[in-house]
Amino acid sequence: MPTIPASKLGQNNVSASQSSCCIRLHVFYKVVIASVIILVILQYCFSAITESHKYEPWFSISHPQNPPNALGKPIASSPTGSLFERHENESQSSASTNATDSGGNLPKCPPVPPHLEGPITVHKEDVSTEVLERKLGQSLQPGGFGKPANCLAKESVAIIVPYRARETHLRVLLANLHPLLRRQQLQYAIFVVEQAGNGPFNRAMLMNVGYKEALRLNNFTCFIFHDVDLLPEDDRNIYSCPEQPRHMSVAVDVFSYKLPYAEIFGGVSAMRKEQFELVNGFSNLFWGWGGEDDDMANRIKFHKLHISRYPTNIARYKMLSHKKEKANPTRYKFLYSGKRRFKTDGLNSLKYSLKKRELKPLYTWLYVDIGSSKSS
Ligand code: UDP
Ligand code: MN
């Protein structure tokens, strides 16, 4: 047996102890890495649960990445089903119940509506009022009030559509919107606010009228201001009001699905009742096309609120085509001097006369005389 020199024996001992030390270090690192991974997973799960409870925007505009799949099920990669097929398959409210009743012993609706599909087919074809009312009206109450049949909705949403002489657009909007709103398990009503006469259109003033008149009918907590020609393409774009005002029509086909500019608040936007009160609603002074939505964005900023947005793969719309309205040449003047008028021009200076209110099967029709640019 060869004799091993003492010096070598010592070296072996050292290298043996070094390697056992290395093994221990290795195991230690593995444990640390595994713990970090577990912590990250736990935190992710926890935040997903709490976030979904808040109905908050999943991401603001500065975080354009995909939101987590809040549906808890795979999203259909391509839209399926006809408008009415889907509608008929969903369990919905019956016309015999009251929109404002407490719902008896119904459980609260789940934070994530279970029947969402993700991307949906947009139906641009016109459907007659008769067919629409037959297909959609049976699960709505007069005035276009809808609510989930089997659970209590978290809030009550008024959808305000400023309107004049776009009959086809209105029918197409209703055909697309009602089924989506019901899938989202919302308690809601649609108000079509029609400007009487043929003077310059005042979109913002019609929104203010819709807000006031809606509150005379029900204690709505959330208001969605909705152009008649925008059709949502994804039902994860929930028609509710998060903690901050939300611009909903982020990606529109005619703008190549890109936000035209950072402060845009036109198209479709959502505000809580107290936020709309805080900013004194829209200005009443924007007659003709343009400016009123930017003025609202300024009001929001001035009152230390901020515009939130869902990401572009969800907050997606198609716009129906129409001829371009004549732009209001004085819009910049009012826009630049807006700040001085926030307190005095808006909900608290609104003047109009309601010529007609009718609870139609699919919406509440408000026909209003809002005067003219000369009278304001
Ligand atoms: N609108 C209307 N009739 C009009 C002008 C405007 O109903 O004669 C409403 C309608 O809801 C429309 C919105 O005001 O979607 C915005 O006007 P428009 O579509 O002309 O403006 P855009 O945002 O497309 O430039
Ligand atoms: Mn338009």
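Any Cβ shown, glycine's included, is placed from N, Cα and C.
Annotated in TrEMBL:
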TRANSMEM  27-49  transmembrane segment
REGION    69-119  region 'Disordered'
COMPBIAS  91-103  compositional bias 'Polar residues'
DOMAIN    109-242  domain 'Galactosyltransferase N-terminal'
DOMAIN    246-323  domain 'Galactosyltransferase C-terminal'
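In terms of DSSP secondary structure, the domain 'Galactosyltransferase C-terminal' (246-323) contains 20 helix, 15 strand, 43 coil.
The average pLDDT for the domain 'Galactosyltransferase N-terminal' (109-242) in the predicted structure is 97. In the domain 'Galactosyltransferase N-terminal' (109-242), helix, strand and coil residues by DSSP number 43 helix, 31 strand, 60 coil.
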